[in-house]
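Q: Structure below; questions to follow.
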Amino acid sequence: MNSQAWIQLAVFLALLMLLAWPLGRWLAAVAEGHLPQGLAPFCRVETALYRAAGIDAAVGMGWKAYALALLAFNALGALAVYALQRLQGGLPLNPQGLPGVGADSSLNTAVSFVSNTNWQGYAGETTMSYLTQMLALGVQNFLSAATGIAVAFALIRGFAARSSSAIGNFWVDVTRITVYVLLPLSLVFAVFLVSQGVIQNVQPYQDVSTLEGAASTPQTLAMGPVASQEAIKMIGTNGGGFFNANSAHPYENPTPLSNFAQMLAIFLIPAGLVFAFGRLVGDVRQGGALLAAMTVMFVLAVVTVTSLEQRGHPQLAALGVDPVASALQAGGNMEGKEARFGIAASALFAAITTAASCGAVNAMHDSFMPLGGAVPLLLIQLGEVVFGGVGSGLYGMLVFAILAVFIAGLMIGRTPEYLGKKIEPYEMKMTAVVILVTPLLALLGTAVALTAPTGPAGMGNPGPHGYTEILYALSSAANNNGSAFAGLSANTPFYNLLLAVAMWFGRFGVIVPVLAIAGSLAAKKRLPVTAGTLPTHGPLFVVLLIGAVLLVGLLNYVPALALGPVVEHLMQAAAR
């Protein structure tokens, strides 16, 4: 890494912590329902909504009722998104006259946006009408993010509660998160994006002449309400682009400043939730330990991917091409990257979007060096707990914290405890389910895709790189990331259905056992700290937590990674 990359990383982390701390205080207030008096008019509107829907906001839910409400809410959301896509040809706000989307693609997209994955097998500018973008995809960008944060709130309440049968009210949580967190942040961020040149309109596509004049063919420029969707796309760690090029498109991400702000937006709520966690459990040091573990793993990932991309292709270096960055060139591997961002900003964006469950891209991960592309892939496969998605990153890391204290308990022969709650067989069974669901979906799905006749047909490249494209797709879907090695032609009935299954169970097959853990912990008494209690706020626990995350990730995925990016790297090195 050069000095520019180090400075960029340092400024990014400093601004992130500066912004996440006050947001954490606000998130804690929203979780507890302690809203300031100045919001009384909004609170009255909120109360009216509950009354109209027949919801008693004062009644808490057990984990089973919470889970059923969540599943029903998201299932209805998926049906609505599916129907809007199928019917868009006869609906308004469709100036290009785009027809209804096919059944398999509609199903894939509905599951994708409801599960906060935002995998896109289609090109937005040639497939989706403005109404579908706004009413189907845009709405789910808010609701899927609110669902993830609600689950995180429920798990935090499980740790903080004392002999309680309730973990909150799902309908209240989703409403408050949407109204008091996601909407205000998105509104402010959308205005900023418009100031940077992100478009926001409902005009028909524009035909323009290029600089060549009459000798050239007119070019069609896609229009649309981009800024409003771009804001929640980042803040909600959704990642689904309005355009096919996602955040590499100048209408989505026009300037280096907008690029930096989008990176901050991705991590803002995940980092804020860690601070909120410390406040809600009554010990800010607990949140600090989780934050330290996340930051260490994130910095290691950024340094690795940036260094590998800056080094460039070894065969080009052998031909005398200068790979060193200078005032006149970016150096390194610029394939698939935007000149206005360069290697450092592209590598940092790649690490951020895959550490979080965002999946937005400002460069093509498929064009990264073999080991450079392995870094974002591994970040996805670790379960996206390095800050992670909104809500999902925190509850995923808390599951690993439970695993870490269990391992420590085995080493010292003591019943494990975390935040005063005994970790017993039921919690460990649910923890095992959470940890094993996504690797099972990713690896089994990859095996199915490789052995089915229609699976390898979608590979854009032969050999280990084509295999990595499939592994990346299934890992991304199962872990609800949504980014891709885009050389894979995935908009086929086979991949649309396979990836939809991975996305649905990768999301809700994790959420349900997490809520079960929350319900079990909430019912327990909170034990006092004794001399035999493992401190979970110091550097020793941070190291133990990092070890648990890396150990599980490596044991699950290293054999699969060895067949893809590692083999490709060795083949590339041997060809010098």
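Using the three backbone atoms N, Cα and C, a Cβ is placed for every residue, glycine included.
Feature annotation from Swiss-Prot assigns transmembrane segment to 4-24, 65-85, 136-156, 179-199, 257-277, 288-308, 341-361, 371-391, 393-413, 430-450, 497-517, 540-560.
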Q: Between the transmembrane segment (393-413) and the transmembrane segment (497-517), are there three or more CB pairs that fall under 8 A, provided the residues in each pair are separated by 6 or more in sequence?
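A: They do touch: at least three Cβ pairs between the two stretches lie under 8 Å.
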Q: Run the contact check on the transmembrane segment (136-156) against the transmembrane segment (430-450): 3 or more C-beta pairs under 8 Å, excluding pairs closer than 6 in sequence.
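A: Contact criterion not met.
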Q: When only pairs 6 or more apart in sequence are counted, do the transmembrane segment (540-560) and the transmembrane segment (371-391) reach 3 or more Cβ pairs under 8 Å?
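A: In contact, yes.
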Q: Could you tell me what the rest of the chain brings near the transmembrane segment (65-85), counting residues at least six beyond its ends with Cβ under 8 Å?
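A: For the transmembrane segment (65-85), the list is 91, 100-101, 105-107, 109-111, 113-115, 128, 131-132, 135-137, 139-140, 143-144, 147, 150-151, 154, 167-171, 174, 508, 511-512, 515-516, 519.
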Q: Under an 8 Å Cβ to Cβ limit, what residues of the same chain, 6 or more beyond the ends of the transmembrane segment (341-361), are close to it?
A: 1-2, 4-5, 8-9, 12, 116-119, 233-234, 237-241, 246-248, 256, 259-260, 262-263, 266-267, 270, 297-298, 301-302, 305-306, 309-310, 325, 330-334, 368, 372, 375-377, 379-380, 384, 386-389, 392-393, 476, 479-483
Q: Same chain only, please: residues at least 6 beyond the ends of the transmembrane segment (4-24) with a C-beta under 8 Å from a C-beta of the stretch. Say none if there are none.
A: 260, 263-264, 267-269, 271-276, 278-279, 287, 295, 299, 302, 306, 310, 325, 343-345, 347-348
